[in-house]
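Heads up: the structure comes next, in C-alpha cells.
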Amino acid sequence: MTGRVMGTLRRIVKFLFNLVGLRFKVMGIILLVVLIFGGIAIWQVRQSAVATFRRQLDSQGISAAQDVAASSVDYIYTNNVFGLYQLVEETLKYNKDVRYVFILSPNGRVLISSFGQGVPVRLLTANRVDPSARDHLQLLRTEDGLIHDIAVPADEGRAGTVRLGLSEKTLWSTVGGLIHRLLLTVLVAAGLGLLAAWVLTVLLSRPILALVRAARSIGEGNLECRVSLDWAQDEIGQLGLTFNQMMDSLQDYHQKVRAFSRELLERNQELQRVSEELKRKEEMRSYLLGRLITAQEEERHRIARELHDQTSQSLTSLMVGLKNAEAAPDMAAVRRNIAGLRAQTDGILEEVHNLALELRPRVLDDLGLPAGLQRYCRESAERYALDIDLHLDGFAEGERLSPELENTLFRVIQEGITNAAKHARAKNVSVILERREKRILAIVEDDGCGFEPERLKTAASAERKLGLFGMQERMALVEGHMTIESEPGEGTTLYFDVPLPESEGGKQSGEDPDLVGG
C-alpha cells in the first residue's frame with residue numbers, strides 16, 4: 001500500500017515537474033522559497049509581537065490598576081463617591097485599552113463601576129486577589145475577545161479591591177498593521193526574487209538553448225555547428241568549450257569514417273571488378289580448353305586425312321611401281337620404273353615435310369626464334385598476300401632462348417599476324433622483336449579495320465576473343481604482359497613485354513610439346 005502511494009506521488013511530482021520549462025521551474029522554486037521563508041518570518045514576528053505587546057499591556061494595566069487603588073483609598077474612607085467616579089472616568093479617558101473599571105468593598109459590594117447597568121455577576125467572582133499580594137492577573141474570554149482582568153488590593157485589602165479590564169483590540173490593530181507591512185515587504189522581496197530569478201534563468205537558459213539548437217542542427221547532419229559561449233568564464237563557458245571540442249573530434253571521426261567508407265566502397269568495387277574479371281577469364285579458360293581439345297581432335301583427323309588421302313595413296317603408287325619394276329622384262333624398263341619411283345618418293349618426302357612444317361617449323365628448333373620468324377613471315381606474306389616488315393634487334397648470331405620462351409613469342413606473333421590477315425583485313429603488317437638486357441619486347445602492328453578493346457568483353461566474335469585471350473594466357477605463363485592499342489579504322493598494335501631469366505643466354509635447344517598453332 002505504501003509503495004503504491006509513493007509511486008503515485010512520484011508520478012504526480014514528475015508530471016508537475018515536466019509541466020513547465022526550466023525558466024519557470026527556477027522562478028517557481030525561488031518564489032516558493034521566498035514565500036515559505038516570508039511566511040515563517042511573519043508568523044515568528046507575529047508571535048513575538050503578540051507576546052511582547054501582551055506583556056506591555058499587562059504591565060500597563062497593572063500600573064493603571066495600582067494607581068487607581070492608591071488614589072481611591074482616601075475616597076473610599078471618606079465615602080466620596082463623586083471622587084471615585086471622576087477617578088474611573090479619568091482612567092478610562094487616558095487609557096484606551098481599559099475596557100472597564102470597578103471597585104469592590106472588602107465585603108464584595110460594588111462601590112463604583114464603569115458599567116452603566118451594573119457589573120455582570122459572573123465578572124464579580126472571576127478574579128480574586130489575596131490581600132497580601134500586590135496584584136493578580138486573570139485572562140477572560142468574552143464576546144469582545146480576550147480580556148486581561150487585573151485585581152489590585154487597596155490598602156492591603158482593607159479599603160477593598162480595584163478590578164480593571166484591558167482589551168486586546170489596540171494590540172491586534174498594531175499587530176495587524178505590522179503584519180500588513182511585513183506582507184508588503186515579503187511581496188516586494190518575492191518580486192525582486194522573481195526578477196533576479198528571471199535574469200538568472202535567462203543567463204542559464206541562453207547557453208542551454210544554444211546547446212539544444214546546436215544538438216538539433218547536429219542531429220540534422222550539420223557537423224559544422226558550434227556554440228559561442230566565450231562570454232562565460234565559468235562552468236557554462238567550460239561546457240561550451242568542451243562541447244565544441246567534442247564536435248571537432250566528432251567531425252574528424254566522421255571524416256575518417258567517410259574516407260574509410262569511400263575506400264571500402266572502392267575496394268569492394270575493385271574486388272567485384274577483379275571477381276568479374278576472374279570469372280570471365282575462367283569462362284574463357286574453360287572455353288579455350290574445350291576449343292583446345294576440339295582443335296587437337298580436328299588436327300588428328302586432318303593429319304589422318306592427309307596421311308590417308310595423300311601419303312597413303314603415294315605409298316600405294318610406290319608399291320605398284322615396285323611391283324612393275326619387279327615384273328619388268330629388261331633392265332631398261334627397270335631403270336624407267338626406278339626413275340618414276342624416285343620422283344614419287346620425292347613427292348612423298350615433300351608431303352611429309354610440309355605436314356611437319358604445319359605442325360611446328362623445324363627451323364625454330366634448329367636455328368632459333370629469329371630464323372623461325374623470318375621464315376614464317378615469308379610464308380605468311382605469300383599465303384595471305386600481306387606486306388610483312390620484320391625487324392630484329394639485339395639477337396647475336398647463334399644466340400638461343402629457352403624453348404618455352406621461344407615457342408611463346410613465336411605463337412603470339414603468329415597469332416597476331418593471323419588475326420591481322422583474317423579479322424582485320426590488313427594489307428601491311430610490321431613485326432618488331434627486340435632483345436634488351438633483361439627483357440624482350442615484341443610489337444605486331446597492322447593497318448586493318450581496328451576495334452574497341454573495351455568492347456572485346458562483349459564482342460560477338462568468339463574466335464577473336466579466344467585468340468587474344470590465348471595470347472594473354474601465353475604471356476602470363478612466362479610472366480609477361482600484353483597491351484592492346486586499337487581504334488576503329490586506325491589499325492591495331494599489340495605490345496608484348498617478357499622478362500628474361502637470370503640464367504638466360506647461350507645456345508639452347510629442345511622440343512616443345514605444343515603441336516597446335518594459334
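Quick reminder: no glycine exception, Cβ is built from N, Cα and C everywhere.
Straight from TrEMBL, the features:
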- 202-255: domain 'HAMP' (DOMAIN)
- 409-502: domain 'Histidine kinase' (DOMAIN)
- 499-518: region 'Disordered' (REGION)
- 26-45: transmembrane segment (TRANSMEM)
- 182-204: transmembrane segment (TRANSMEM)
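Secondary structure of the domain 'Histidine kinase' (409-502), assigned with DSSP and counted as helix (H, G, I), strand (E, B) and coil, comes to 36 helix, 30 strand, 28 coil. For the domain 'HAMP' (202-255), the DSSP counts in helix, strand and coil order read 39 helix, 0 strand, 15 coil. Averaged over the domain 'HAMP' (202-255), the predicted model has a pLDDT of 75.
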